[in-house]
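Have a look at the structure below before the remarks.
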Amino acid sequence: MQFWRKQMSEIQHFSQQDIEILGEQTLYEGFFTLKRIQFKHKLFAGGQSGVVTRELLIKGAASAVIAYDPKEDSVILVEQVRIGAAYHPESHRSPWLLELIAGMVEKGEKPEDVALRESEEEAGIQVKNLTHCLSVWDSPGGIVERIHLFAGEVDSAQAKGIHGLAEENEDIKVHVVKREQAYQWMCEGKIDNGIAVIGLQWLQLNYAQLQQSWKRS
């Protein structure tokens, strides 16, 4: 582990101090905010870049949950329509996607609290032994969104039906799927949204450890 850390420190030389924001302009404010940013940064070969202009979609943060039943070796997936998957002109696949439970982190909220709340709102389940897995950037070339991924122990017998908030026009169907089946669907490309792919890969690598850890709790 010390060797790995040493290697990372040798590779990554730049920090926040090596990029300078020159200006920003709000282009649109709605469900999300769109800004135009101008910046410059240090170059690998030395010196400074020219002025770079980029549009950024400001989304903030989100939490996602690998809702896993260790006794049944099953994972809870939710299905809902996604306009981004419907809008792609070359896609002939259904825009109703199989996903992990997830939701946006509002100002003042903690990611772990959002994970627990969304589990109840989207799937009607209670989560215990919530464990932080990792946090990742979602397409940081043009989007500001940090996704916090958690794993949580659930009783899959609770998970059924259709859920979501009426005031947000949510229509979410709950599915209980064996872990190996969900992983196979991911490998076949049937589950193809980023955070679900990351989450199911993480679960495949760590499910045995979760089973042992939760058994002791």
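In case you wondered, yes, glycine gets a Cβ from its N, Cα and C as well.
On a predicted model such as this, the values are computed, not experimentally measured, just so you know.
Pulled from Swiss-Prot:
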type	residues	note
BINDING	F31, F32, R54, E55, R82, M104, S139, P140, G141, E145	substrate binding site
DOMAIN	58-204	domain 'Nudix hydrolase'
BINDING	A102, E122	Mg(2+) 1 binding site
MOTIF	103-124	motif 'Nudix box'
BINDING	E118	Mg(2+) 2 binding site
BINDING	E118, E122, E170	Mg(2+) 3 binding site
ACT_SITE	E168	active site, proton acceptor
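Positions of the features from Swiss-Prot, shown on the structure.
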residue : record                       : DSSP class
F31     : substrate binding site       : coil
R54     : substrate binding site       : strand
R82     : substrate binding site       : coil
A102    : Mg(2+) 1 binding site        : strand
E118    : Mg(2+) 2 binding site        : helix
S139    : substrate binding site       : coil
E168    : active site, proton acceptor : helix
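Within the chain carrying the motif 'Nudix box' (103-124), a Cβ under 8 angstroms from the stretch's Cβ atoms is held by residues 59-65, 67, 76, 78, 130, 132, 148, 150, 152, 154, 158-161, 163-165, 170, 172, 174, all 6 or more beyond its ends. Residues F31, F32, R54, E55, R82, M104, S139, P140, G141, E145 are the ones the record ties to substrate, and the longest Cα gap between any two of them is 25 Å. Mean pLDDT, taken over the domain 'Nudix hydrolase' (58-204), works out to 94 on the 0 to 100 scale.
Relative to the residue listed as 'Mg(2+) 2 binding site', the recorded positions with Cα atoms inside 10 Å are A102, the candidates having been F31, A102, S139, E168.
When the Cα of E122 (Mg(2+) 1 binding site) is compared against those of the recorded positions R54, R82, S139, G141, E168, the shortest separation belongs to E168. Sparsest Cβ environment among the recorded positions E118, E122, E168, E170 (other Cβ atoms counted within 10 Å): E168. Taking the mean position of the Cβ atoms of E118, E122, E170 as the Mg(2+) 3 site, the remaining same-chain residues with a Cβ inside 8 Å of that point are V78, I101, A102, G103, E121, A123, H163, G164, L165, I172. Closest to F31 (substrate binding site) by Cα-Cα distance, out of the recorded positions A102, E168, E170, is E168. On a Cα basis, S139 (substrate binding site) lies 25 Å away from E168 (active site, proton acceptor).
For R82 (substrate binding site), the number of other Cβ atoms no farther than 10 Å from its own Cβ, over all displayed protein chains, is 13. Within the same chain, residues at least six positions away from R54 (substrate binding site) with a Cβ under 8 Å of its Cβ are R36, I37, F39, G141, G142.
A102 (Mg(2+) 1 binding site) is 17 Å away from S139 (substrate binding site) when you measure Cα to Cα.
Close to A102 (Mg(2+) 1 binding site) in the fold, though at least 6 residues off in sequence, lie A62, S63, A64, V65, E118, E122, I147, I195, each with a CB less than 8 Å from its CB.
Residue pair E170 (Mg(2+) 3 binding site) / R82 (substrate binding site) shows a Cα separation of 11 Å.
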